């Protein structure tokens, strides 16, 4: 089987990776495929720094704003979506360019995950209704009786992960921890990945985070959060975990001033970027590391990387 090498551009938030991926898509007739867990959701285009409508018009984009904020997307599910998007892009004669900062997603497709059972929608619905009825603590206690190893790794209030573990057991009759002990499946057949890391020094990244967040506020990020909260989603819905939602929510409820809420959101974003950079450096072996912000120099390096790794047999 012929093997197609696919470029991945990873990096922390505000590193400029989306702009760099878009520039590459324009240069190489590519499609930008999202590998960011929050940008999957349609509710918060501004706050999650999803590409704008104008940016999406410059080159095809895939897996952006496709899910409702209450719809969980595990690494297994994203891998399936991304694999389908990659194959569709290749079928149209375009170059897939994966971009994002969700490390588990990137590992899932580049290195593979342990096999997992398909979860019928009936099982998913039944498990989540039971958790809603009984509460997270009682459901966690039930999980501890079924799969102690998984329960030890999941916080008693984490409804999403509790639900996932119970769904796997209900669908297969086998504990999640047993599935996770299986060897990884490797990358999808016929696909291999070349990874470039865009990780600017902290002294470059912090001012970008601050400037970008103020721009988000000027463009209407607070109104986005207000509309999100009006939907009445549960507090543990995936989109409610987006950086900035609690801090801007505090402005809307009057528990924080505008200045304090914005300052807290910027601090949360800086901490998130630091965690991302640390995780990506430790957990993913990149083929090249570009230790600067998006610029003409970083663009030249990434373009050369694509030419040598994705366009060369």
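Cβ from N, Cα, C; glycine included.
Looking at the stretches 36-39, 40-43, 44-47, 48-51, the one that TrEMBL records under the feature region 'Interaction with substrate tRNA' is 36-39.
In TrEMBL, the annotation region 'Interaction with substrate tRNA' applies to 160-164, one of the ranges 145-149, 150-154, 155-159, 160-164. Same-chain residues at least 6 positions away in sequence with a Cβ under 8 Å from that of residue 12 (ATP binding site) are, in sequence order, 101, 199, 205, 272, 273, 274, 276, 277, 280.
Cα separation, residue 17 (ATP binding site) to residue 102 (site 'Interaction with substrate tRNA'), rounded: 13 Å. Between residue 15 (ATP binding site) and residue 102 (site 'Interaction with substrate tRNA'), the C-alpha separation comes to 13 Å. Around the Cβ of residue 18 (ATP binding site), 27 further Cβ atoms fall within 10 Å across all displayed protein chains. For the region 'Interaction with substrate tRNA' (36-39), residue counts in helix, strand and coil come to 0 helix, 0 strand, 4 coil, using DSSP.
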